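First the structure, in the form of structure tokens, and then the observations on it.
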């Protein structure tokens, strides 16, 4: 039997985590032969509720689940971990400006970055789900200087999956036929879902759709606004779909992307595609051996470049507002 992998999940008593933890314990993320130890973090007032979640996990009798720790201390939660899924974040409340949300969450992720730096395994893989995810990931990374920058990522996979579904519906094919979707930039309404390189059963998606008006006024805005539409429909934000995206993101990062396909991940920019260093930016990547690599040499249209730069400018604006929290 393999050595158990230690997985930390923050915001562990919350809605996304409730859809996430049982799937991790069942082997959906790391495989059906990989034991796991869950190290769960939440704020003190949520620990009674979290104890109930742990009771449910116990009652599932998952063969792969070796142990569970619950705590309100980041250092306890992150000690010797291999994977961190930073789900917990302060939600935006009525009347709250985005800069106030950035500040409130920046303080949380600064502390978590410092704790990761001090006690996490040196090979740790960190996925930030809590919004604003890209900038929260950047704050976490900058406060963990002893860890490799490539250890940090933010979640673009929910946007990616949404884009795959919308394209599949448009062309009347199953989602399994869609490959090479990209969502560039920030996980926000400035993101750029790009189907210009996507394929449906090996055929170029843009050629199949053959409708630039739909791409510009249908496809792109639908993906950008989908999260808000979910909130309006169910009264709360995406939870099960976000948890599923987190599972997909980490599974592919650890085990590799399928042959002939790529995925979208928020990662530290390195100058690729004209995006300067200094932000966590959504890129198309392939994963192998636990490492990701940006897909090189894609042709970028003027329309795409304009959208990509707009998302970059938004990220730079976010970074400017929290620069005092960067280590």
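Glycine too: its Cβ is placed from the backbone N, Cα and C atoms.
Marked as active site, proton acceptor by Swiss-Prot on the basis of sequence analysis: 187. Marked as NAD(+) binding site by Swiss-Prot: 11, 12, 13, 14, 15, 16, 17, 105, 112, 129, 130, 131. Residues annotated as substrate binding site in Swiss-Prot, with sequence analysis given as evidence: 92, 98, 131, 162.
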One of the binding-site residues 13, 15, 17, 112, 130 has its Cα closest to the Cα of residue 98 (substrate binding site), namely 130
By the count of other Cβ atoms within 10 Å, pick out the sparsest of the binding-site residues 15, 112, 131. 15
Check the Cα-Cα distances from residue 11 (NAD(+) binding site) to the recorded positions 92, 131, 187 and tell me which is shortest. 131
Would you count the other C-beta atoms found within 10 angstroms of the C-beta of residue 187 (active site, proton acceptor) for me? 28
Hey, what's the Cβ neighbour count for residue 13 (NAD(+) binding site) at 10 Å? 22
Cα distance, the residue listed as 'active site, proton acceptor' to residue 13 (NAD(+) binding site), nearest Å? 23
Students should find that the Cβ of residue 17 (NAD(+) binding site) has, within 10 Å, a number of other Cβ atoms equal to 27
If I take the alpha carbons of the residue listed as 'active site, proton acceptor' and residue 131 (substrate binding site), what is the distance between them in whole Å? 8
Taking 10 A as the limit, how many CB atoms besides its own sit near the CB of residue 98 (substrate binding site)? 14
